[in-house]
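Student: Below you'll find the structure I mean.
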Amino acid sequence: MREFKLYAITGEEFHQGKSLLDVMEEAILGGVDIIQLRDKTSSKKEVFEKAKQLRELTKKHNVTFIVNDHIDVALAVDADGIHIGQDDLPIQEARKLVGDKIIGLSTHHIEEARLAEAEGADYIGVGPIFETKSKVDVVDPVTTEYIRQVSSEIKIPFVAIGGIKLHNVDQVLAAGATRICMISEIVGAEDIQSVCKQFIQKLETKGV
Ligand code: TZP
Ligand code: MG
């Protein structure tokens, strides 16, 4: 898959009245290089409509586009990939459906990371690093210790997620993360572009 470092996920409950497209375009202009549509409440049809719009936006800006959960929607809009969790289809089955599209998998433990790599995930999510209110069924924070484990052992790309803010991202980078993913800190920001640029600067300062 194409290299990425700043990953934004939609979270419309944080969008402060701005449209989904405006929020994600601001994030892209701020330097986000991969976006994910994550919508746990809308109907399939609504998710499809949003995915279609985001596909167009990401094409225009040459940014990678991932759909959470809905493999059929990802295929219908020709997204670049899907993101699934531990309770979704096994990787091998998802692979049969999506072919060479990107498959990302959320992991919370080194055993899950090892399995994801063995089964052919293209990248893994590593988290939640800190406490977060953005995910309802979230497990306890895995802490930056899990980042250390993954960065020393796992070869496929990984992205740190969960409760990451400008004020704590240094700990995430110090533990070995070179890719970071946020919902609320980016899409809920007053000035989204500025927040993204500050994250990019932090990544660049660490030599990423
Ligand atoms: N997966 C693990 S934590 C999380 C997801 C989707 C939520 C991250 O949201 P935030 O607002 O960046 O903490
Ligand atoms: Mg899922």
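Including glycine, each Cβ sits where the backbone N, Cα and C put it.
So TrEMBL lists the following for this protein:
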| type | residues | note |
| --- | --- | --- |
| BINDING | Q36, L37, R38, D39, K40, N68, S106, K135 | 4-amino-2-methyl-5-(diphosphooxymethyl)pyrimidine binding site |
| BINDING | D69, D88 | Mg(2+) binding site |
| DOMAIN | 6-186 | domain 'Thiamine phosphate synthase/TenI' |
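Just tell me what is around each of these and how deep it sits.
Tutor: A coil conformation is recorded for K135 (4-amino-2-methyl-5-(diphosphooxymethyl)pyrimidine binding site) in the three-state DSSP classification, outside any helix or strand. With a 10 A radius on its CB, K135 (4-amino-2-methyl-5-(diphosphooxymethyl)pyrimidine binding site) counts 19 other CB atoms from all the protein chains.
Under DSSP, D88 (Mg(2+) binding site) is assigned to coil, being neither helix nor strand in the three-state scheme.
Here the domain 'Thiamine phosphate synthase/TenI' (6-186) returns a mean pLDDT of 97 for the predicted model.
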Student: Which of these binding-site residues (L37, D39, K135) have a C-beta closer than 6 Å to some atom of ligand 1?
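Tutor: Among L37, D39, K135, near ligand 1: K135.
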Student: What is the interatomic distance between the Cα atoms of K40 (4-amino-2-methyl-5-(diphosphooxymethyl)pyrimidine binding site) and D69 (Mg(2+) binding site), given in whole Å?
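Tutor: Rounded to the nearest whole number, the Cα-Cα distance is 9 Å.
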Student: Should we count any of the binding-site residues Q36, L37, R38, K40, K135 as near ligand 2, judged by a CB under 6 A from one of its atoms, and which?
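Tutor: Cβ under 6 Å from ligand 2: none.
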Student: May I ask for the distance between S106 (4-amino-2-methyl-5-(diphosphooxymethyl)pyrimidine binding site) and D88 (Mg(2+) binding site), taken between their Cα atoms and rounded to an integer number of Å?
Tutor: 10
